[in-house]
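*Asks:* Input: one structure, supplied below.
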């Protein structure tokens with residue numbers, strides 16, 4: 001550190017040392033595919049006069065990067081699922097190399113307001129960071145407990161578990177503007193997250209990725225979020241893994257038309273008969289006149305049909321056919337205007353006028369919904385366009401989808417890697433999908449690796465912790481009500497013993513021996529109140 005009362009020369013020397021250190025850090029292979037729009041100086045001067053400590057989460061981020069790199073190199077997959085609590089984390093660590101923390105699960109089971117609800121990201125913004133801290137502290141505790149045994153030589157090599165499994169957490173849509181994104185990222189780093197994902201939905205209208213009514217923000221607005229996440233990590237000296245998620249595949253709304261990259265996908269009224277007659281004006285008047293919900297739905301449906309709401313390239317195709325033009329004119333237009341061309345509405349109108357000799361009627365303001373949002377028609381190619389824009393600012397790209405569709409996943413992967421070869425990708429193996437209907441049992445077994453072959457190196461079941469917990473408790477409760485202690489003794493305890501589950505000795509699992517050791521150390525080697533002394537019932541399991 002440097003004293004703020006130090007000489008100007010000393011402060012300048014400290015600042016330069018920070019700049020040099022940051023530039024050296026950014027020159028590491030870890031950052032070869034990461035784009036930053038700011039200099040090391042801009043970060044150094046915002047770190048304060050005390051050099052940042054190395055957060056434990058930074059070590060975990062480095063570990064996660066190495067894990068993902070090995071999977072990418074070997075053509076394998078890091079697969080995991082959403083953990084609810086320390087019990088699940090300690091058992092998962094035996095078999096999986098990453099842990100996921102789901103916003104959905106937190107929304108229903110762990111909100112810091114203690115008010116459960118669906119996944120609308122309307123819980124306090126520290127909810128998911130709190131859960132990360134809960135799990136990470138448990139990981140650290142179980143690691144300390146085990147390390148003591150390793151040092152004492154009282155544990156077999158085959159028993160050793162790597163409890164420090166990197167955690168990737170759900171950052172939702174950032175919980176507000178860029179300052180909120182910065183603070184949220186900071187919280188995640190301080191509380192133990194090795195990585196986070198952040199999505200391109202609006203924070204005010206955020207929905208679960210498998211709900212209707214999803215509204216995305218302009219491309220550049222989400223890029224700004226990603227830049228802010230990385231900036232926060234840089235200020236803290238963190239190697240945070242950043243996953244860019246797009247919900248545009250099934251998005252039906254857009255918050256703003258500010259970014260021309262979105263223009264291809266925005267729906268507009270194509271019938272001049274509705275010119276000067278916005279849908280919202282009609283709805284507002286109907287409300288004042290006492291219209292019911294059913295009335296409003298009918299008015300909206302009839303207006304949309306009359307307005308003939310379409311994408312601009314569809315309007316052009318209709319106009320070309322009406323003017324007697326052949327398919328070559330439409331093909332000429334589509335060769336310059338397509339999902340990945342990033343053509344603005346002004347360029348589309350100019351090209352249409354050049355090819356048809358007239359400007360086409362197209363108004364995307366007229367059909368705006370009650371919240372003032374624009375109508376949007378996403379899709380896989382829309383997701384490709386967005387992922388390509390996000391890729392330079394994130395370590396992995398992820399398209400949220402409505403079905404476990406291999407061909408769609410392939411289209412997305414090929415679209416992204418065509419521009420960014422070798423780009424790492426993530427896939428949500430969502431329990432919202434009906435897997436039994438989606439594919440055969442054999443296909444279920446190979447699905448993860450088939451996606452892995454496409455570049456999806458990190459895959460996760462968001463809510464498996466929730467569902468397995470619910471299933472286990474439902475079944476045990478039913479059997480316990482009917483069979484009494486036989487249900488516990490035979491279905492739980494005996495299976496724990498038969499399978500060598502460490503939790504059967506729950507006192508030892510909870511660290512009672514470790515804490516006894518601390519007590520003895522503090523009291524010169526003796527502790528009459530040791531929890532694991534003579535009389536502990538766990539001796540029955542020897």
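The backbone N, Cα and C atoms fix where each Cβ goes, glycine too.
In case it helps, Swiss-Prot gives these features for our protein:
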ACT_SITE  208  active site, proton acceptor
BINDING   102, 103, 104, 209, 210, 245, 428, 429, 430, 431, 432, 462  substrate binding site
BINDING   170  Mg(2+) binding site
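How about a rundown of where these features are and what they're close to?
*Replies:* Within 10 Å of the C-beta atom of residue 430 (substrate binding site) sit 20 other C-beta atoms, taking all shown protein chains into account.
Under 8 Å, Cβ to Cβ, and six or more positions away along its own chain, residue 170 (Mg(2+) binding site) finds 100, 101, 102, 103, 104, 106, 128, 196, 197.
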*Asks:* CB neighbours of residue 104 (substrate binding site) within 10 A?
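*Replies:* So the number of other Cβ atoms within 10 Å of residue 104 (substrate binding site) is 23.
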*Asks:* At a 10 A cut-off on CB-CB distances, which of the binding-site residues 102, 428, 432 has the highest count?
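*Replies:* Max Cβ neighbours within 10 Å, all protein chains included: 102.
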